[in-house]
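A short worksheet on the structure shown next.
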């Protein structure tokens, strides 16, 4: 253990997302326990304090998924069965595209097919910027970004000779 240990955020069993997630910053405060014997001056104080290793020393912001009641399965099923009428877009909060799909029969069914793919790949999300509510073992995509500074740790099973 280092100088402190931050606990995992508390997960809401209903939405499978972190509790107290800030919708704007997409972070949640997590408790951090300071190691035993660390002495420091706490905020708003002028006296030294030595931690005993069991008490919360400070709170750290951890990334979180903010959900606002939109379910992934509902959006996908609406897109598959009622997408030609734009019901999926109305559900996700895009009334203009929903009305356009309704008046053109899902852009002559081509828009419905494209929307099924976009919702399944989680490219189209709710209009308020929230994430989908997913089952614990449901489909979830994590976008991994890499650049020139990304290092891939070689595995022993790779034959480098």
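Each residue, glycine too, has its Cβ placed from N, Cα and C.
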Listed range which TrEMBL flags as transmembrane segment, given the options 41-61, 104-124: 104-124
Given ranges 75-92, 129-146, the stretch to which TrEMBL attaches the annotation transmembrane segment: 75-92
Confidence summary for the domain 'TM2' (69-116), mean pLDDT rounded: 96
Helix, strand and coil totals (DSSP H, G, I; E, B; other) for the domain 'TM2' (69-116): 40 helix, 3 strand, 5 coil
